[in-house]
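Written below as structure tokens is the structure these notes are about.
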């Protein structure tokens with residue numbers, strides 16, 4: 001019974017982290033699906049989202065506003081606006097001019113952008129990690145007293161609800177709306193879509209904006225969950241989310257969701273049963289193994305090499 | 001059209017404000033557990049507004065500004081110049097190189113200890129950048145975990161000297177070969193991957209090595225690192241004031257000169273110089289050998305190269321292994337120079353700096369890479385008050401280079417034979 005509770009605890013922790021990884025991973029997978037490049041700066045956009053949310057929360061606290069739903073909503077909106085603008089600008093400045101060149105060129109440009117953004121925040125806000133106030137406290141507890149208890153914090157429940165809402169909204173947007181349909185068309189065949197009168201530049205910008213918005217949501221949630229942010233916050237999370245995207249099959253949105261959850265669970269099982277230090281090793285090893293043995297991922301389509 | 005332009009320019013200016021104001025204009029001040037918010041000073045706010053205005057004006061007059069810029073490149077006096085004939089250029093280049101090397105040999109005896117130390121660091125970066133240049137520049141394989149091989153070299157020397165008391169000279173080939181072996185073992189499975197996947201996998205590998213070094217405490221000392229790494233000796237002569245090891249003599253006693261701490265620094269510099277020259281010459285040979293041509297062929301067009309009978313795995317693996325070998329070289333020198341190593345020296349940032357050197361110098365071009373290594377290492381030292389901005393500038397420079405000049409500042413020139421005009 002104890003073991004089972006412990007297992008479920010790890011599972012819930014893993015699913016919490018995993019669902020936020022999935023939010024970030026969607027940004028990678030959508031961009032990859034459309035223009036076939038790895039947006040290396042995506043982790044930094046997520047980090048900027050977390051910082052903006054913290055700035056908004058602190059600002060509201062200074063003004064004396066403490067009603068939780070309002071604080072969360074304002075923080076979320078601010079983070080989404082700033083991160084989306086950042087995503088749009090990054091695409092415009094660093095990716096659009098090099099689109100269609102040799103594969104390494106956009107990637108190096110993205111790495112440069114990532115270093116730039118990291119140091120931009122580092123210079124503006126300092127390199128120390130800054131504490132994120134715990135807005136949502138308390139938890140459900142299950143199991144007998146005085147022994148190991150299964151606990152689900154309200155924060156974890158908030159994370160589940162918000163990620164679920166975001167993913168449903170995204171799925172509806174992609175499947176139903178006019179822009180969503182255009183997104184799917186462009187990801188299937190960019191040239192053909194533009195021949196049929198779709199403004200592909202606009203759609204690519206939209207992809208970056210959507211991905212950045214979801215990353216900002218994840219930034220707020222993970223910032224609150226971990227309790228602190230620092231300028232390097234985005235690097236590892238970005239790498240993990242990329243792993244999740246590859247795991248699920250890069251280019252596929254349901255794949256990114258699935259991959260995020262699997263990666264989160266794998267990580268929390270490692271830190272629960274082995275050691276917390278090796279959870280990053282597990283994530284990267286998983287990435288290497290997937291790329292070696294099933295590069296298309298779980299739900300991806302094989303890429304046909306055209307000559 | 002004009003209205004459209006104004007709308008777009010206004011939109012861009014607003015985006016600039018949104019991006020810049022919250023992060024730059026509002027500073028989070030942590031004091032204990034409480035975080036407070038503080039507005040930035042007036043000059044920062046003014047700078048943000050000025051940036052928005054500049055973006056607005058640039059977007060508004062974008063077309064005419066771009067037309068002007070096109071005119072600028074036409075008045076460049078060097079653009080219409082005839083390239084120097086091949087044989088003349090080659091001769092000039094070899095004279096220049098010999099001159100530089102001779103100068104570099106005698107230079108440390110006339111300058112301060114600090115600048116020799118810095119020059120040694122520059123030479124280590126030159127070795128690293130030349131090695132990575134083989135992988136990224138020539139073979140076109142983006143390796144973001146290059147620092148892992150550097151770490152293997154450094155840790156091999158540190159551990160061997162700690163546990164077996166082996167000397168620098170024995171450790172140099174062992175470290176380099178072990179790094180090459182790591183490259184081979186890692187490369188074998190991952191080189192089938194496409195370019196961008198390869199980048200991420202090597203990045204993951206670099207992180208794995210660093211985490212292992214950090215956590216394998218009883219072997220590597222974990223975050224505390226390993227200290228007391230011995231300095232190299234010259235034919236059994238030590239450079240310290242006292243002899244540390246049985247059977248060695250000391251340099252100053254053998255030659256009957258006064259002890260000076262500079263001797264050690266200069267000796268290390270000369271070792272690094274010789275190794276860097278060897279690295280450059282060996283790689284230069286490789287570039288002219290069939291395997292070097294195969295690297296470039298595979299980079300330019302993989303399908304064509306394969307259909308001409310090149311083995312993709314063998315060619316890529318050779319580039320990867322050779323690159324790793326020289327990183328191991330550099331790592332051994334680095335460990336010996338510092339006398340102390342810890343996983344802190346082998347973070348991703350280090351890989352990014354080396355990559356930035358290769359990209360700025362011009363992928364594939366040796367001279368360019370060497371000049372870029374010198375510039376990237378020395379400029380932050382010269383402008384210390386701007387050293388915080390170093391990585392910011394690197395990041396921006398990498399983006400700008402990719403947008404405007406992806407071939408680098410001094411692009412590679414292919415060795416070729418010109419046919420006499422038949423006409």
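Glycine is no exception: its Cβ is also placed from the backbone N, Cα and C atoms.
The feature transmembrane segment, as given by TrEMBL for the ranges B:246-264, B:265-283, sits at B:265-283. Of the given residue ranges B:291-309, B:386-404, TrEMBL assigns the label transmembrane segment to B:386-404. Your range for transmembrane segment, going by TrEMBL and the list B:146-163, B:218-235, is B:146-163. Beyond the transmembrane segment (B:118-139), the same-chain residues lying 6 or more positions past its ends with a Cβ under 8 Å from any Cβ of the stretch are 107-108, 146, 150, 265, 268-269, 272-273, 275-276, 279-280, 283, 286-287, 292, 295-296, 298-299, 315-316, 319-320, 322-327, 329-330, 333-334, 337, 353-355, 357-359, 361-366, 369-370, 372-374, 376-378, 381, 412. Two recorded stretches are said to be in contact when at least 3 C-beta pairs lie under 8 angstroms, sequence spacing 6 or more; the transmembrane segment (B:314-334) and the transmembrane segment (B:346-379) fall short of this definition. In this chain, the transmembrane segment (B:9-30) lies out of contact with the transmembrane segment (B:146-163); the count of Cβ pairs under 8 Å, excluding pairs fewer than 6 apart in sequence, is fewer than 3. Using a Cβ-Cβ cut-off under 8 Å and counting only residues 6 or more beyond its ends in the same chain, the transmembrane segment (B:9-30) has close neighbours at 36-40, 44-45, 47-49, 51-53, 55-60. Looking at which of B:169-190, B:265-283, B:346-379 has the most CB pairs under 8 Å to the transmembrane segment (B:94-112), the answer is the stretch B:265-283.
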